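Here is the structure we will look at, set down as structure tokens.
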Amino acid sequence: MANKKSNIDHSLKEPLCGADCRELFDTVTEPMLLVSESGQIVLANPAAQQVVGYVQSELIGLNVEELIPLRFREHHRQYRRQYFAQPRKRSMGNGEGLVLLNRSGQEVDVELGLNSITLNKQVYTLLTLNVLVQHNQAENALRESEERLWLIKQSAGVGVFDIDCVRDRVYCDERMRELLWYEADETMSLEALLNKIHPNDRLRCQAALDEAASPDRDGLCRIEFRVVQSKNLEERWVAALGQTQFEKGAAKRIVAIARDITERKMLERTLQQQRNETEMLSNQQIAIITASAIAHELNSPLTAISAYSEVAQRTLGGEVIDYDKLRDAFAGCVDQVQKAGNKLKELLSSLQGNEVETEALNLNHVVEDALKQARGDGYGEFHLTLELESNLRAVKANKMQIQRVLVNLIRNAVEAIRAESVPVSKIAIAVKTLANESMSMLTIKDNGPGIDRNTISRIFEPFFTTKPTGFGMGLSISRALIEANGGQLWVDPDFRQGAQFHFTLPFAS
Ligand code: ADP
């Protein structure tokens, strides 16, 4: 054990008590230490020196926490502060004994008596040590492994929390409290723990814990959530991995480790922004190319129509109207309009490419894949309600296209909720069978601001958007894709608790 002396108390320079008093202190057979409010040892009698293996000169000025094993040191420091706030005679360690670290690093079991003494107008604590019987080998091994575990936790920056499901108590170690920005006690109720979680992530975490506590499941719990510091609203992302212990078919405790993943989340967010920007650029590019192609195809018929119209105008302006010339001019206009129409049709079919490749699809699986993709794209922060039919008939559709539509609808919902700062984001997705119509119907609703009457009539128009960086192509492309797969996509104009979209797809057989 190193002999670390920190800044020595000013009071140590003054003799604390007279020679008689010191002699008396030294002759007491019980090991005793006198400790100042800042934690420095100011007196140690020979019996105490023997217990901790230090000589007097090493002990004086040494911080008392140096005699405490690392894993208990912070706890002891807090305890000492609390004690000095209200000094009184008491024992320490709740009768379970305490552990001291001697000079050679071995742990010594002691019982501690605490007493406050005022000398030279300063309050000191008199520690009386009662050495307990040495540990047996098994206990020592356990201690060492605890110490090792503690060191691993320290170096990995991992916090631990332990939920007592029976008594509704949650124990959080020091690192976990740090992760939660929670300065109070080591234990709290489950409700207090959940209240530390960002409101948007709370329901999801609660659901994950409920699932982990369910005896029909494997008890594993994996959650990622945000914690917001109340003072400066700083946000931190935490990932927790827990395992439930069951007793007689009921959850007894959930022990979990947690770590700070803010940096990873920030990186993901940056990558997502870059992906969005790239997507927007490519959308813009597609729009420019499409618009140029349309302009190119319409240019020559429009020029011809303009020329025929001028001829017609001139003919009508003459003194004698040449009806044959007029008829030819109008026939030319009609011919060019038809040509323009045909060219547009050709252009559309070439842009749409070949026939849509379809397959028999389980819509439930498409929903799951779309949710995964939306989460991966940074649109996963919502409480999800899923109502999937278990024996759903397969639909005939192109998987990638339907997934794209669904991701777009989820994304729109999340963006609408985000823009409104709704406290708890909720999205519900339901899939059901419309047997009479040989169709499946998917409904997606959110608790965002909804869509007002003026806007609702325009949302499927290309380039219509109400978002500052929106492009307004999502819904029109989605509708075109659903229609290409034989279904329909529409918005519910009467839904008032947010927005609700439906689409249908035909059964495979
Ligand atoms: P963009 O997302 O680029 O704006 P979209 O075609 O996907 O393009 O959406 C068009 C508009 O429809 C949006 O700008 C928004 O005003 C409205 N909208 C779509 N989905 C929702 C929703 N879930 N809640 C509220 N408004 C929505």
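Backbone N, Cα and C define each Cβ position, glycine as well.
Note: TrEMBL annotation is automatic and uncurated.
Per TrEMBL, these features apply:
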COILED    257-284  coiled coil
DOMAIN    22-68  domain 'PAS'
DOMAIN    145-216  domain 'PAS'
DOMAIN    221-273  domain 'PAC'
DOMAIN    293-509  domain 'Histidine kinase'
Revision key, fill the gap. Between the domain 'Histidine kinase' (293-509) and the stretches 22-68, 145-216, 221-273, the largest tally of CB pairs under 8 Å belongs to 145-216
Check your understanding: Along the coiled coil (257-284), what average pLDDT does this model show?
Key -> 85
Check your understanding: Per DSSP, how many helix, strand and coil residues does the domain 'PAS' (145-216) have?
Key -> 38 helix, 13 strand, 21 coil
